[in-house]
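Novice: Below are the features listed in TrEMBL for this protein:
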DOMAIN    311-512  domain 'FtsK'
BINDING   329, 330, 331, 332, 333, 334, 335, 336  ATP binding site
REGION    784-808  region 'Disordered'
Ligand SMILES: Nc1ncnc2c1ncn2[C@@H]1O[C@H](COP(=O)(O)OP(=O)(O)OP(=O)(O)O)[C@@H](O)[C@H]1O
């Protein structure tokens, strides 16, 4: 370096002297002076100096703080490389912009040089190219794909974002949060407003010392820059302010723009550097997971390594600053993989007593099977407390309200200790931080029904207060724009999600004017802890998951926390069966009908005691109604109830009944049901009731329970049911109903307006017990016959074994 400086200084001094003599000669002789070689001695010296300078320059090409910006033209057609201070030592500016071919070449040369001479990850490039719409950068495309060129702005809005990135770099550098360098390449600015130019100047003033180098094409006034003025075909170089080459304002010898680079050289170099950057920036899944599970302290927050960017490792936190995260990305954009990276990372760093997971997946497909036991792999993640696979919205609601109750519980304890934060609570009690992930959460909020409005209220409360109680939300979605319910609450809910995470194709996770997510590809993620504001992005690479490492962690965690049971799993797509109930769930006189869609997934049924009205009507034509009734009968019979069964459908399995009544004798026997008998009837709408039979039925309904007689009847036709029981007069005589495929509008006249929003759907039923549920009913998965299980397989990942039985 000193050799080169001296050589160049000597050359410049020689040039100065020669120029002075030439000027004098020109004055005397006119233009002829330039064509006439003067002073052979001087030429010999110039030759010698030129050779020395060329040799030094060859050595200096790998110096990141110098750039070969063109060629100094000497006499007799000789040239020497023009090396200007660059990187930390100076900016470079040109009077013409990249519409001039030589300047466009300079842009590419400078970028390739700056990237190649720094360690991978040590430099990011941000470009602005308004006049040629990005064409100046086009041959460097592989560097853009690899994230080394982070952005190329082609309009004035994105140009302002690009400058904002450079400004952020300066401030982050000053704050000591970054140590890498950013090269701001202004290839062309077009008619950019004065204010933007002033911002670029400000960046240039502070940038040299604080992480930013500027190549400003068309910005001849750029501070702290060597400036190349285009004069005809040639260039005059204004001395670099920090290290002038000689006396006067400009280098005495003329300069030529760099010669055009071979297209194959540019693309080859760009590809090579891009591959190098990718290799250096890529972590593997096992890099995210420590060799042995750790148990970090969650008091101040949870931290997890997700990947790397140009500035190094990217770690994300659940803490007071970023309590909740919003994650977006198009389908196939890597959202599931990213969430698994985060959740496995957390599980490997914190003990289940310090961090608990509630996982909800509202979409078709199975995101969270890696947390629960399956038939093929019994291991699980002990941090997972509840997992919903293809969850019902009601299950999501149940989880959210459980978390709200947990916050209330924690607030009582915190008051007792006189503390106001989770870390204060942890000083006294070891409550875990809770992370609740809701994938495709917009399903929960869709529409304007009760579930949507309750979910919004619960989410809002969790979002607002969660940070104080150590409860964190991760809401993930492919389509954020369609979420009416959340938009309506935009300020109160969205504002509580400072951490925005955008995978490829994410649209509304970041601010409208931040298009960072459009520039990334699969395996990259934009992480923005400032609510998606432009300029606050980090673009990281995150690894694909590795089934072996995941399995190893589950095994390790299983061994370390042997006492922790498997999570409760709600499989939204799976039928449930009576034979899966536990002995404790079966009780004498309890007609079991299915499982509640709730966090506990309790067995649901009705108690047949002697209160008036203790009968059950199964309503709707869905054959599952008949199967649920079979389950109820089997559960009762198994606990000693005497059952008489009548089947008008011809399809019921009445095997558990003590006695079967032939349909044609049914009306005759109605009046003579012995005490302590449960009468089960399938397809009562097909029974031929005359007035006498109808009266016998109504008498039985009114007086039966007192003597232990209960009717479990399946009416496929709702009208017929209300007629049979005597309309509204008989309403109180049948206190329990299992409603299947009848819409809310049809049943609300009888059961109440609170049921108007009931939307029937396959595999679900509404259980109404006027004595037990004062408000609405309960959503249940009705028990079906085991053999119908095979007929309705749920969606599974290819090659995966059927998931485990539902855990009560
Ligand atoms: N960081 C990564 N590196 C390499 N491949 C990845 C990475 N992330 C995801 N993939 C691959 O991309 C594909 C889609 O990923 P993933 O299932 O996570 O997408 P998704 O956004 O969850 O899609 P969907 O919502 O449709 O399920 C998978 O095959 C996955 O292996």
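Backbone N, Cα and C define each Cβ position, glycine as well.
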Novice: State which of the following binding-site residues has the fewest other Cβ atoms within 10 Å around its Cβ: 330, 335.
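Specialist: Checked 330, 335; of these binding-site residues, fewest Cβ neighbours within 10 Å: 330.
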Novice: Which ones in the same chain are close to residue 336 (ATP binding site), with CB under 8 Å and 6+ residues apart in sequence?
Specialist: 367, 439
Novice: So what pLDDT does the domain 'FtsK' (311-512) average out to?
Specialist: 88
Novice: Using an 8 Å cut-off from the Cβ centroid of 329, 330, 331, 332, 333, 334, 335, 336, can you name the remaining same-chain residues around the ATP site, in sequence order?
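Specialist: Sorted by sequence, the hits are 478, 503, 504, 505.
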Novice: To see if you understand the setup: which same-chain residues, six or more apart in sequence, place their Cβ under 8 Å from that of residue 332 (ATP binding site)?
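Specialist: Counting only residues 6 or more apart in sequence, the Cβ neighbours of residue 332 (ATP binding site) under 8 Å are 522.
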Novice: Name the secondary structure element type, per DSSP in three states, that contains residue 332 (ATP binding site).
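Specialist: The three-state answer is coil.
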Novice: Note down the number of other Cβ atoms within 10 Å of the Cβ of residue 331 (ATP binding site), including every protein chain shown.
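Specialist: Excluding its own Cβ, residue 331 (ATP binding site) sees 11 Cβ atoms within 10 Å.
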Novice: Could you tell me which of these binding-site residues, 329, 333, has the fewest other Cβ atoms within 10 Å of its Cβ?
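Specialist: Counting other Cβ atoms within 10 Å of each of the binding-site residues 329, 333 gives the minimum at 333.
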Novice: Cβ distance under 8 Å to residue 334 (ATP binding site), same chain, sequence separation 6 or more: which residues?
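Specialist: Non-local contacts for residue 334 (ATP binding site): 503, 504, 522, 523, 525, 542.
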